[in-house]
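Asker: Below are the features I grabbed from Swiss-Prot:
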{"type": "REGION", "residues": "1-562", "note": "region 'Interaction with ZNF318'"}
{"type": "REGION", "residues": "33-155", "note": "region 'Disordered'"}
{"type": "MOD_RES", "residues": "Ser66", "note": "phosphoserine"}
{"type": "MOD_RES", "residues": "Ser79", "note": "phosphoserine"}
{"type": "REGION", "residues": "175-211", "note": "region 'Disordered'"}
{"type": "COMPBIAS", "residues": "201-211", "note": "compositional bias 'Polar residues'"}
{"type": "MOD_RES", "residues": "Tyr208", "note": "phosphotyrosine"}
{"type": "MOD_RES", "residues": "Tyr252", "note": "phosphotyrosine"}
{"type": "MOD_RES", "residues": "Tyr331", "note": "phosphotyrosine"}
{"type": "MOD_RES", "residues": "Tyr342", "note": "phosphotyrosine"}
{"type": "MOD_RES", "residues": "Tyr347", "note": "phosphotyrosine"}
{"type": "CROSSLNK", "residues": "Lys371", "note": "SUMO cross-link"}
{"type": "MOD_RES", "residues": "Tyr378", "note": "phosphotyrosine"}
{"type": "CROSSLNK", "residues": "Lys496", "note": "SUMO cross-link"}
{"type": "MOD_RES", "residues": "Tyr510", "note": "phosphotyrosine"}
{"type": "MOD_RES", "residues": "Tyr527", "note": "phosphotyrosine"}
{"type": "DNA_BIND", "residues": "534-607", "note": "DNA-binding region"}
{"type": "REGION", "residues": "547-637", "note": "region 'Interaction with HIPK3'"}
{"type": "REGION", "residues": "567-894", "note": "region 'Interaction with CCAR1'"}
{"type": "MOD_RES", "residues": "Ser626", "note": "phosphoserine"}
{"type": "SITE", "residues": "Glu873", "note": "site 'Interaction with coactivator FXXLF and FXXFY motifs'"}
{"type": "MOD_RES", "residues": "Tyr891", "note": "phosphotyrosine"}
Amino acid sequence: MEVQLGLGRVYPRPPSKTYRGAFQNLFQSVREVIQNPGPRHPEAASAAPPGASLQQQQQQQQQETSPRQQQQQQGEDGSPQAHRRGPTGYLVLDEEQQPSQPQSAPECHPERGCVPEPGAAVAAGKGLPQQLPAPPDEDDSAAPSTLSLLGPTFPGLSSCSADLKDILSEASTMQLLQQQQQEAVSEGSSSGRAREASGAPTSSKDNYLGGTSTISDSAKELCKAVSVSMGLGVEALEHLSPGEQLRGDCMYAPVLGVPPAVRPTPCAPLAECKGSLLDDSAGKSTEDTAEYSPFKGGYTKGLEGESLGCSGSAAAGSSGTLELPSTLSLYKSGALDEAAAYQSRDYYNFPLALAGPPPPPPPPHPHARIKLENPLDYGSAWAAAAAQCRYGELASLHGAGAAGPGSGSPSAAASSSWHTLFTAEEGQLYGPCGGGGGGGGGGGGGAGEAGAVAPYGYTRPPQGLAGQEGDFTAPDVWYPGGMVSRVPYPSPTCVKSEMGPWMDSYSGPYGDMRLETARDHVLPIDYYFPPQKTCLICGDEASGCHYGALTCGSCKVFFKRAAEGKQKYLCASRNDCTIDKFRRKNCPSCRLRKCYEAGMTLGARKLKKLGNLKLQEEGEASSTTSPTEETAQKLTVSHIEGYECQPIFLNVLEAIEPGVVCAGHDNNQPDSFAALLSSLNELGERQLVHVVKWAKALPGFRNLHVDDQMAVIQYSWMGLMVFAMGWRSFTNVNSRMLYFAPDLVFNEYRMHKSRMYSQCVRMRHLSQEFGWLQITPQEFLCMKALLLFSIIPVDGLKNQKFFDELRMNYIKELDRIIACKRKNPTSCSRRFYQLTKLLDSVQPIARELHQFTFDLLIKSHMVSVDFPEMMAEIISVQVPKILSGKVKPIYFHTQ
């Protein structure tokens, strides 16, 4: 098709000026003006001297008309005809009927540039322009070319033009160039039609960039004037040598409703780039319409004038696409070899139609998709990340089938071109994007030839990137109607890695976020903000030291009432409630436990009162005392003696004692071996969790080695549970039954049904010992804590010395509790003997239960007994060590 192009938008076509191609970008008409057309025939090129002016070359073109051109001029007064295919295989819109005018050579003024008609189509097999012969039954009669005629053929073009007019309106500049085009193009277009009719061969240099590669002074002046009027910089608009590669601009819009060309498979990281500029939207854009040219070494995509170089396998003669030239470069490119630069130019390729029957077109998008970028932004900090995310990790782009740096394949040579904005002479300012060199050289870890790191994070691709056939995903930041969103954040791998001295002490992308170097020059933070005293219980602001701990007034009053009162608190949860400023009143049990753990005790306040009382007694002048004072002193002494019998250690043991744990047994079901044993195993795992929490809260336990802590718990858990169950049976059912849990109480029938009657009898006997010896709750708590440190491996623990010291301290605490109630040393020794004998009796019972549970675990699949995961692991790993003799209990008396 033939679409009229003005500067920055679609305008009504001048009398004889047509352009075959889609609307490209803002700089399309500028390129048409500044680039010098070459001779239309080889003989004309040879006849014209190198320094010939534009007027002489165009006069030669004027004289080379053909009979076909004369027939076209004579047949312009005919009626309009339907659309047809032109000589290049594209759908042609007939020109408007124009009166025949005498052809005259256009005058090339210094302020103007002579604009020729674009050349013929480019063959995909060779990448060179070639003229296709037109069918004999076709003619070039004109037809109206208004935008209304474009609507039926291209459904999205009418809506696209409205958006383009709003975004890219340059009416004043268009009028100036339109007048120049009407004067300068008529002769070139007529000579072009003559050559098309005659079928004369075209020169290899006869492409859209013109026959020559130089830019005249007049065209350069006009380019600068247009650039200044559009607010662009003119310092980069210099002469481009024949080998220099033009950098593509960053603003373009594809024609909608056009069937896509052959598209190769994208490289793997393109679809996986997170937060990149690519997405999977339904509306395909540049990647869908870019030309696949085997001559260039694969899929060419001109987002920033870069070539992915993904090699394809299309046939050489399967070209029906129209290759459009690159636009005006805003940056001066580095010089390359002329032949290599000609083959690897990265144009914006948008096929209008394919030779032959076209494939079904995709559904048209309701809006034009315009990509808006500022070319100057490539010097910013996020430019490297944008390029890296657009093409994915460059290291992974070098696929398994890629040719090596020295392969010498055509695709390898052609795909070596990269973004020429950054040269190899510039220093490396940013770290490499993505790393990993292996297998052929990645983007940052391979050889310098395969993946040289350019400044600003751009990584030059290795030679011969290979791709697969498939579809590219649509870009992510394509905004319909010209909407521009916020620029995505840069990738962490593309952030500048070399910072200034002030950033040396930051971590992460910017170093350690603490100014280590400035710590020597500033005062500590405590100098400006004194540390606030907080309550050890709830974290509120502390008012002072109350009852031996730094607490607030609320926790002080709570502890006084809870400790002096006889009410016993129970936690509704698992004795692990959160106690803070806002939730300290939710659970008084956990709050009181935390008070004891912090070291609060009523004796501390009484000792303080005793000290004040002694001072008062020393200061009294008279030595006489009243009966009331004597009574008060006796009460004080009795309270002090009571405090000495109830040390802080005992208060902590009372606070951390676990609560009641239920087994979850269904008592409505008939008792069976599998049901009873499964419930016992479930209860064992629940209690094991509480044992671990209780052990960690014991004074001095956390000072053990971590491995020793785990070993002590895994070896003593059975004895602790048996001892606690005996105490519950004594206090709840007077040792007549085994009180495992409130919902799991074993009577004689259940003892027999569980097939562990002998073990149950020994456990019941242990429970009866509590009654016979009249064990107090304080003695039980201290004995239970001492039982935790009564079984160790034969080889010893990692910190055996500290374990022995801790165990000895608990033995002394037990002796102190015994001595608190008895004044006779003989009675204390007898009591100590009884209690230690009771502790020794727990170990044989625990060993029998170890053997029973281990045998049951082995046969569990046969008897349908469920073992929880943690219980099964401990029984299968730790119990065999006890049964084999590698772990032995510590006895107080000889067995």
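Keep in mind that glycine also has a Cβ here, set from the backbone N, Cα and C atoms.
Have a look at these and tell me how they're positioned relative to everything else.
Answerer: For the region 'Interaction with ZNF318' (1-562), the mean pLDDT of the prediction comes to 47.
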Asker: What is the number of residues in the DNA-binding region (534-607) that are helix, strand and coil, as DSSP sees it?
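Answerer: Looking at the DNA-binding region (534-607) with DSSP, the answer is 28 helix, 8 strand, 38 coil.
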Asker: For Glu873 (site 'Interaction with coactivator FXXLF and FXXFY motifs'), just count the other CB atoms lying within 10 A of its CB, please.
Answerer: 12
Asker: By a simple count, how many Cβ atoms lie within 10 Å of the Cβ of Tyr891 (phosphotyrosine), its own Cβ left out?
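Answerer: The answer is 13.
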